[in-house]
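Chemist: This structure is in structure tokens; I'll ask about it shortly.
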Amino acid sequence: MNQSFWRPLFAILLFMLVFHLTNIFFAQQGAQVAQISYSRLRAELAQDNIKKITLKGTAVTGEFRGKTRVSALVQGKEQQREFTGFSSVLPTIDDQTLVPELMARKVEVSALSTETPLLLNALIYVAPWVILIAIWWVGMRSMRSQGPSGMMGGFSRSGAKAYLAGDKMAVSFKDVAGMEDSKQELKEVVDYLRNPKQFARIGGKVPKGVLLVGPPGTGKTLLARAVAGEAGVAFFSISASQFIEMFVGVGASRVRDLFTNAKKAAPSIVFIDELDAVGRSRGAGFGGGHDEREQTLNQLLSEMDGFDQHEEVIVLAATNRPDVLDPALLRPGRFDRHVVIERPDWRDREKILQVHVRKITMNGRIDLGVIARGTPGMTGADLESLVNEAAILASRENAAAVTMEHLEKAKDKILMGSERRMIISLEEKRITAYHEAGHTLVARLLPGTDPIHKVTIIPHGMALGVTQQLPEDDRYHYPQSYLENRLVVAMGGRVAERLAFGEVSSGAQGDLKQVTSLAEKMVCQWGMSEKVGGMTFSRGEEHPFLGMKLAEEKTFSEAMAWRIDQEIAAFITRAEQRAGDLLSANRERLDLLAQALQDEETLDGSRVDEIIGSLNTAQAPPP
């Protein structure tokens, strides 16, 4: 409820309570009154030590003629103290001799009525009703101030972060490195918000909704904030998950509240992050067509389609799952413009690194181009984490500035996982060394594979050893020969274990998952099997709550399923056989590489080349 109504009432009640407690405290401190028994009262009266007395029903108060010592409890201990007054209680049996004796000893006697005053009685009966009516009145005023949402007013508020036109945003297009094509498309939105009359003069219309699509960490939210900073208009930011609540109808109410505020502040931008939280296709998943999420989506569709041209409100939204969005969201008039934000290439990665290294102290001899070329596939968020990890490493070593070595170590930590120093037996170490040597040797000898960046038998992350390959450039197409070589490299560790020890271990579990998944994609999605042909099949790709259907639908026969399984197994078997032939022909190099790993634990690409020797003398059987 509105605090401005509660504060005066709370202050009055608090003042009355403090005033009452203060009166009680000072009354008890100022009055020297002793609580005595009726027998003590008669004894003091017999000694003519009572000056005056007041009777009110069975309650008796009075004064002694002089200071009288009476036992009293002080901090839990009984002590003798002097009092000038007393109080007592008369017995229920009427004592006919008390009053005559008081009169005979010339004690001043007063009598008070036991009836409650009429005004006090009225106050006792009326006060609770007055308080209840006041609480009801304050509540109604508060709910009316929240609009038509009634008792659910607190839930119906959108909770969006609002930045008004006068507020200065900390991000602009200058702070967003790379993504030139994406920024160019969004600059049209900024130009419209800055000068809508120019667009209206020539009859152009700006898209009502712009959907930012891209993998996680590529900078979709950052780009939306930059649009707000460049446009200089009101900006409302909210995550789509904030619309959903346990109460039915709250999500739709929050959507209405968000767009009502945006229309009042027009021209404005509404940014909805993770749109797929409410924008998934209706009817997908369990729960039927009347759940809270679908009501929220329906309200969002209605709000976006109900804009008038003079309502200069543009909706930006971000998602990494455009495939699961409802088609009604993507039609012209709603999110009719899609801005695709891909992972940056090495030039954009260098620009992103230049932005992030502004915040740290750097050694002048750092070559960011080398780091950018050595981090293919990394997003802007990954590069920011890399720079931060380098700064942490430099701080841990008490270095004056971040050096190239710190950046390389940070890159390895992100690519290979955090290093774990754990004690393992010599036999376990030997098995790991041969396993990683098998991967490394196969990758080094096969033509067309990615170069070896680093191989180590020091545990990183969840792995006991890591063989890290880095492509020389960003890849957008994967030839079949390249993918088949990846299968061979992945099987190299398992084959090396069998050659060295006569059996395999559980260490190849991750490799087997990798080759099975890759072979399945080659057969079912990329049409690389001659027996299956150029058809695609959905095999474990979609989940009920993420996709367009309630459950995974099988669109092929049992005979085709058997053929797919046979082709997947054939790809893996051929890869294992090729790895076996290659390692058997180069057994001496395998042993040298495994021994070097046991001695040095970590080898970089140049050291691997030095151990293996020239490729001209290496024996690589044809595939």
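Including glycine, each Cβ sits where the backbone N, Cα and C put it.
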Chemist: For the Zn(2+) site that Swiss-Prot describes with His435, His439, which of these is also annotated: Asp367, Asp382, Asp474, Asp511?
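Modeler: The candidate from Asp367, Asp382, Asp474, Asp511 that Swiss-Prot ties to Zn(2+) along with His435, His439 is Asp511.
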Chemist: In whole Å, how far is His439 (Zn(2+) binding site) from Gly217 (ATP binding site) when you measure between their Cα atoms?
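Modeler: Gly217 (ATP binding site) and His439 (Zn(2+) binding site) have their Cα atoms 30 Å apart.
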Chemist: Using a 10 Å radius around its CB, how many other CB atoms surround Glu436 (active site)?
Modeler: 26
Chemist: Give the residue from the binding-site residues Gly214, Pro215, Pro216, Gly217, Gly219 that has the most other Cβ atoms within 10 Å of its Cβ, counting over every protein chain displayed.
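Modeler: Of the binding-site residues Gly214, Pro215, Pro216, Gly217, Gly219, the most buried by Cβ count within 10 Å is Gly219.
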Chemist: How many Å lie between the Cα of Gly214 (ATP binding site) and the Cα of His439 (Zn(2+) binding site)?
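Modeler: Gly214 (ATP binding site) and His439 (Zn(2+) binding site) have their Cα atoms 32 Å apart.
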Chemist: Out of His435, His439, Asp511, the binding-site residues in the record, which is closest to Gly219 (ATP binding site) when you go by Cα distance?
Modeler: Asp511
Chemist: Specify all same-chain residues, apart from the site residues Gly214, Pro215, Pro216, Gly217, Thr218, Gly219, Lys220, Thr221, whose Cβ lies within 8 angstroms of the center of the Cβ atoms of the ATP site, ordered by sequence.
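Modeler: Along the chain, the qualifying residues are Ala318, Asn320, Ile341, Thr379, Gly380, Ala381.
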Chemist: Give the residue counts of the topological domain 'Periplasmic' (29-117) per reduced DSSP state, in the order helix, strand, coil.
Modeler: 18 helix, 43 strand, 28 coil
Chemist: Report the same-chain neighbours of His439 (Zn(2+) binding site): residues 6+ apart in sequence with Cβ closer than 8 Å to its Cβ, ordered by sequence.
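Modeler: Val455, Thr467, Val489, Ala490, Gly492, Gly493, Ala496 - these are the non-local Cβ neighbours of His439 (Zn(2+) binding site), listed in sequence order.
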